[in-house]
Every structure is written in structure tokens, then in C-alpha cells.
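Remarks on the structure that follows.
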Amino acid sequence: MAEWNAYYQNEEEDLDGEEGEESGVDYKTTGRDSLVFLVDASKEMFIKEESGELTPFDMTMQCVRSVYTSKIISSDKDLVALVFYGTEQSKNPRNSFKHVYVYHDLDTPGAGRVQDVDGLRGEDGAKVAAKTMGSGKTNLGEALWCCSNLYSDIKLRLSHKRLMIFTCRDSPHEGDSERDRQARTKAGDLKETGVVIDLMHLMKPGGFDVSIFFCDVVSPPEDDAELGLQMEPCVKLEDLKKRVRAKEMKKRSIARLNLCLGEGMNVAVGVYITALQARKPNPIKLFKDNNEPVRTKTRLYHTQTGSLLLPSDTKRAQVYASKQIVMEKDEVDVIKKFSDPGLELIGFKPMERLKLHHHLRSPVFIYPEEEMVTGSACMFTALLKRCSERNVFALCKYTRIRNSPPRFLALVPQREELDEGQAQIAAPGFHGIFLPYADDIRTLDTPQLPTASDSQVDKMKEIVQKLRFKYRCDAFENPVLQKHFRNLEALALDLMAPEEIEDHTMPKIEMMDERLGSLAQEFKDLVYPADYNPEGKTANKRKPAGGAEKKPKVDISEDELRGHVQKNTLHKLTVPILKDACKQFGVKVTGTKKQELIDALTRYFQKTV
């Protein structure tokens, strides 16, 4: 009979705990993201601009490498492919398409693929690309057709399909209307199958005009929050990486639930993560012979007969009031279930009732899902508008999955915000604030500390005002995580040393001293007394260099030493006494061990007999 804790979690369910239950995404239900890089390999891509340090092809390869490495770290289950068009050589399934070179099939990224892309970077990479693929005629329609076949050959469930075209030519077919028509037709077929086509155009002499051809190929924005087709081409590598990052990450909900507003009134909503702490990935045990992941299986055997026990043969037990309560597995599952997954409206409260100390963890964002229940967006918008006008929040009971404990959420309304360019900077929806239970709130006895004077407070305000800066969360990376992933990258790619990282969390002392000037000394004069010396505290007395405390010198007479030699009892003396005796009588010692000191004194007194 097993204890309750040994079987509290069902084998078929994945619960990471209260803090980590929103940390991952179930790919079995939502599917995987897929991304295909379709790169122009024409001669124009290898021409370096006078003002630029990189060729368009080299910028593209560095951007592809950046996406590969980020996928390996953040979402290694997603699928990525690299296809070149406008090549002289052809390499694709069954070689059905000319001038199309499939460099990487649609598969999960790995260290080998990163090394392949590294081989195409720089001047040496351009030579490798010219030797391997070359530059030939361009037929974008056949390249899109080839990418369509890559998607159709995948048997896995794909939640999002995206294709990015990298080129510096605004007229790839040089005015050939027939090939332009074929490319537009194939692009339309891809968009009908759910593939989103984006254009990452690079700078070329004379400018890049997207209206000539690519405006009919690129997909429109999926929602108001997504950037549409950018008219200006990318000139710098950072601009290209920023544009790719904005496109390649798909917003993925961690749950799709019903928001019950009353009897028979359900609104479908999606739950999204707004902030998540980055952690090191869990270690994976590998088999020492082939480095394959080790899979563990648990089997229960009868202690007396040794026979294999089936799940139906086991029971669960919980000791309560010195009694063992025995339950079946089905009974335990029923006890764990509080309510069905979903959000249930309890009531409304004024915003001033929500305090800062009620914030327990990072909140979630609630957004309507029109695809699940028609009319959800309209009802959700009306609720959001009304809560915002009345300055109230909605109190709800939140159950994410079937056997998770319920939590209380405060749904704080957020109206849509647009910048000067009418781009969305804040999406309309509710922020779900996790509220504490009564047992989570404690009354603390605050210590009685001296109160600062008004002059001290004013001086500190001046210091804080001088040291203020505009904080951006994306400007500070976790140095521990960055070092960890750099070490893994160096190990996987066989690098001599990991890439150096810059710790942006360290304070800039020189800049702070320059801004403060004499304010820091003025604050010290106000707070500390004149004779205060923070470095003048009494420290523990250091031990001598040898590690042992220096003891007073012990004098021993020659007759006493001679007696110890004759009786062979020198070993009863301590090492410091033996050392002092050797110094006193001028005995040369080859070492500092006790036996070496005894041998030296013995030889000395035997000679003087």
C-alpha cells in the first residue's frame, strides 16, 4: 500500500507546481511553430555597399544564425528550414525545381545546423556559397512551391507557419510578367493553406520599391498588434534582427477557457503570460555509451511473491488522526478536482480595494478568443469598457486545468493604447492579478529604527534624482544564464573558448561619481559623525603566514635534550620545541617534518658524546 504523496500526481497529467504551471506550452495540443528562411542567392546579394561593412548575404546569414541559437534555447521543439533560390545548382526533394537549393530541411535546430550557417558567413562563406550553390536564374514561384512541399511533408501538428523572404532585389524576375504571375499565384496558394509570408528586404543601390512586385506576395498583418509590410529596407544588421524577432515569435496562449459571466453566459478567452522568469533548463541524464537520454520506468512488485503489480492492485493511504485512511486511485482523483477549468465571475470591486501587497506573482493577460465562441469579442469588449469607465475590477475564480487548485484573480481592465504612428503599444484586455488567501497574509513586527531628519531626506532625494535613468527590461540580461548558454554553445560547436559577455547589471561607478559630484560627501556629513570611519572597525587578528598562531619560545637545556636522545623519547616533544632546539644549537635540518627534526638532533648529540 503506497503513501498518498507517492501517487498524488496523476501519471497522465503534467503539473509543474503553482509557480511553474504557466512556464511551458503543451505542444501536443497547440502544435509547433515552423519557420522557413527563403534567401536570395543572386550575385547582387554578395555585393558590399560602400557605406556598409557587410554584404546583404552575410547580414542574412548572421540573422539566420541568431534565430537558430535562440530557438535552441527558448523553443527547441519548433521547426526551422533554410532554402536558397536563384542558385545555379539545384538540391531539393526529387530535384523537381530548378535553381532552388534546400540547405536545411524543415526540422528542429541543432549545433550541426549552426555550424553549417557559420560556414556561409564572411568572405570565406561567400566563396563556399559560390562553390556549393552558385548564382543562376531566378524563379520565385518554383521556390515557393518547393517550400509548400516542405510543409506538406511534415506529419507533425503545426500551429503556425511562417515564411521569410530575404532579398535585395525589388524585381526578382527582371520584368518577366509570366514568372511574376506564377510567383503571385503560388504565394496566394500558400496563404490559403495558412502560411504567413513576410519580406525582409535589404538595401540596394537606388532604393527598394516594394510596390513593384512584393506588395502582392506578402501576407497582411494577422492582427492589429502585428507590424505590417515595412516600406523602408534594412540597412544595419541590428535593424534586420529586430524586424525578424518581431515576426518569428508567435503569441501562444497557455490555456483557452470559458469566462462564465452568469448562468448560460460564457465568453471564450485565452490566457497569456506577460512576464516569466528565465531559468536554466533542467538537466537531462544521458547514457554513457551513446549519450542518448535515459528514460526511467517505475514498476511495483509484491514484497512477498515478487509478482508485478498492476495499477488496479495498488491503493492510496493517508494517515489522519493516527488512523490510516485507504482510498482507491479514482477516489483520489475525485478529491483533487475542485471545479472544471475556466474563469467564473464572482463580482466587482472598486480599484482602490486592490492593494500593492496583494500582488503575489507575475500576472496573466486575458484576451477574447472569437474562434472558439462567436460573439466573445463583442461581449468581452463591452465588459472591458464598462469596468474601465466605472474604475472597477472583476473578481473571478480561476482553474487552469482539471486537477489544479482554484485561485482568485482580480481582472484589471486595460484599454488599447496607440502611439503617434497609430501602432498599438498596449492591447485591450484584462490583467489577471493573483490574489492571496487569508493564510498568505502575515503581520510582521517591524523593528524600531532611527528616523531620518528632513535635511537628510532632502539630500537623498537629490542623490536619487541625479542617479535616475530610463529603465528598459530588455537592456539587462541575466549574466549567470548568459554565461551558462555561452558555455553550452562553445561545447556544442567545439569552440576554443566561450564568447565573452558583458555584465550590464554592474553599476557604472565612474559615471555615478561624475553625476553626484559632492552630493555623496554632503550626505555622509549629514548622516555620519565627524570621526566615523567605516573601515576602522576592529577586525579579527590575522594568523601568521604559516597558518598557526605564534607561540612563545620554549627554552630547553642541553642536558634535557641529551637525556631524551639517550632514552629515545624525542618524539614526546612538540614540533615547535624541536624547531627551537635546532635553532638554539645550530643544527642544520633538511625538512620541517617531526621525524626529520628528531633525526637531525639525534645525529648532532651522538657526535658530541
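Each Cβ is built from the backbone N, Cα and C atoms, and glycine gets one as well.
Keep in mind that TrEMBL annotations are predicted by a computer and have not been checked by a curator.
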Segment assigned the feature region 'Disordered' in TrEMBL (from 1-26, 157-182, 287-312): 1-26
Residues in the domain 'SAP' (570-605) grouped by DSSP into helix, strand and remaining coil: 26 helix, 0 strand, 10 coil
Model confidence over the domain 'SAP' (570-605) (mean pLDDT, whole number): 81
